[in-house]
Amino acid sequence: MNRGWNRIVPYLLILPNYLIFAVFVLAPVLWIVYLSFTDYTILQPSEWIGGRNYERLLQDTLFRKAIVNTIWYWIGTIVPTILLGLILAALLTMKIRLLAAFRALIYLPGVLSSVAVAMTWLWLLDPLQGPINGALEAVGIGGRNWLQNPDTSLPSIIVIGVWTGLGYAMIVLLAGIQGIPESLYEAASLDGASGPQRFRFITVPLLKPILLFLFITATIRSFQVFDLVYILTGGGPANSSTTIVTQIVGASFQEYRMGYASSMAVFLLGITLIVTMLQYWLGSRNTTTE
Amino acid sequence: MKHTLTERSLAYLFLTLIALVAIIPLVIALFTSLKGDEEFSLGGMTLLPSSWHPENYSRAWEMADWGVFIRNSAIVTAAAVGGSLVLNLLAGFTFARIRFPGRTPLFLLLLLGLMIPAQVTVIPQFIIMKSIPLFGGNDWLGQGGNGWLDSYWALIVPELAGAFGVFMARQFYLQFPKALDDASYIDGAGYLRLFFSVYLPLSGPLLATLGIFKFVSVWNDFFHPLLYTNSPGMRTVQLGLQVFRGEHQVQYNLLMAASLLVSIPILIMFFVFQKQFIRSMVSTGVKG
């Protein structure tokens, strides 16, 4: 074997991957930070304007609204998703018959594309003919125009977010619970611990790393919410359901204010990095103390 | 472990309830797709169609260029899955089984990519796509045309290099004993032969996990086709569905039919490879 050639081969094997990674991930990250200090639009050359984008961002009431909405979406989806997911996963480990069927059915909405999900709910929530208003009227409650009413547009999207996200939380937690040694439960049963007690004192503490993982990934994902909002409400009515990414896309690809939009993207990057650091910090603290 | 009868009944009750909530919207969508047009104007509220209209599917099919959308999605998905598997496996194998100077820093650099949301890089990516030299009417400086925008390149190439796929592949290849490599080296094999004759045949589970993950994420992607393409001939199925809704006065039976049509590949995947599918989603940390 040619030793010189062998020294180059490893680099050649990772080269294609690195080239694409460098051009489409690393360079864009550095570039977005640079762009956020310019007034770049796709139509004219950019000029360095220092921190003016960020000054404007601080006073942008629309962007503040988007942040608040995104935080509501985050809380509104993450709490029910993880809580229900945990309960479902625990129930599925009770030597349930038809386990595979329950798991598949509950996970099914999660495999569909966000567009297919949005279209389905567009029909369900249709103000005139939709099944949800129809069912409500049948029991004497007046329906409403869920997606086009500022009070219900964001909550509707949150419900849809939970509907698609629940199955994923369930299967991740189920995998986690199945990794807990059966002997622990048997020992607890012998000591007279009830089902809920075993859940509280064995399952939950031992699932901590998985719960943390799920919490972090769900947090990061909910800060990126876009597809459902864009298709269902476009961020409206009256910006009642606009989110951070909706604003980024609007400012950059509809208004061509790429520089300003970049400062929003840097804000999103900042949040993501903070949350990820939090995961490493909490994760390493967990393993050292336990 | 034992559970009381009450505990078990409550468990079944709760599971059934949630399963119904998960599935009923899809059942409604399915039955809605088979209803006749007249049922909507009458405002009837039955779950089942009063008369069945399977021809809604061919009507929905004819109302838009679904052949084009499906061809685009199929090409992009196949190229992204195939290409990313080759690149990710090779890189993962290299990081796991070969010692070379700079291995650790290079790998850590790649891990940074895991933390960066696609929504953050999309603006510069767009500009880079537009400036690829000698494509889409561009000169050699990348000026004058659209570069890779509105072409398959824009949808395929960024999907090929996944920090995630390399990471997963590396984890997978780390679990094998060193003796496996030594035996192969003694036979005079180089790195490439080691990979192709020893490790690739062992990579079935990895191929399934990464392949399913990539298939689902690319087929279902809405964000990138929305921003990187604009001509009708370049639309993918997800984009086509969105446009389909806007082009006509909303006919929900046809919209539901089209929604189910574009979901068929994913549903087949899910039901046929359910075990691998679920393992893929759990281990890659991505909702479908």
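Just so it is clear, glycine is given a Cβ too, placed from its N, Cα and C backbone atoms.
Curation does not apply to TrEMBL; its annotations are automatic.
Sequence annotations record features per position, and here TrEMBL assigns transmembrane segment to A:12-37 (among others).
Taken from TrEMBL, the feature domain 'ABC transmembrane type-1' applies to A:67-279.
If you look up TrEMBL, you'll see A:71-92 (among others) marked as transmembrane segment.
Taken from TrEMBL, the feature transmembrane segment applies to A:104-124 (among others).
Remote same-chain residues near the transmembrane segment (A:157-180) are listed as 72-73, 76-77, 80-82, 84-86, 88-90, 92-93, 103, 106-110, 112, 114, 117-118, 121, 202-203, 206-207, 210-211, 213-214, 218, 222, 225, 228-229, 232-233, 241 (criterion: CB distance under 8 Å, separation of at least six residues from the stretch ends). The transmembrane segment feature in TrEMBL is assigned to A:157-180 (among others).
The transmembrane segment feature in TrEMBL is assigned to A:201-220 (among others).
Among residues of the same chain six or more beyond the transmembrane segment (A:260-282), those with a C-beta under 8 A of the stretch's C-beta atoms are 29, 32-33, 35-36, 38-40, 53-54, 56-57, 63, 212-213, 216, 219-220, 223-224, 244-245, 247-249, 251-252. As annotated by TrEMBL, transmembrane segment applies to A:260-282 (among others).
When Cβ-Cβ distances below 8 Å are used as the criterion, the transmembrane segment (A:201-220) is approached by residues 74, 77-78, 81-82, 85-86, 90, 165, 169, 172-173, 175-177, 180, 184-185, 188, 193, 272, 275-276, 278-279, 282-283, 286 of the same chain, each at least six residues removed from its ends.
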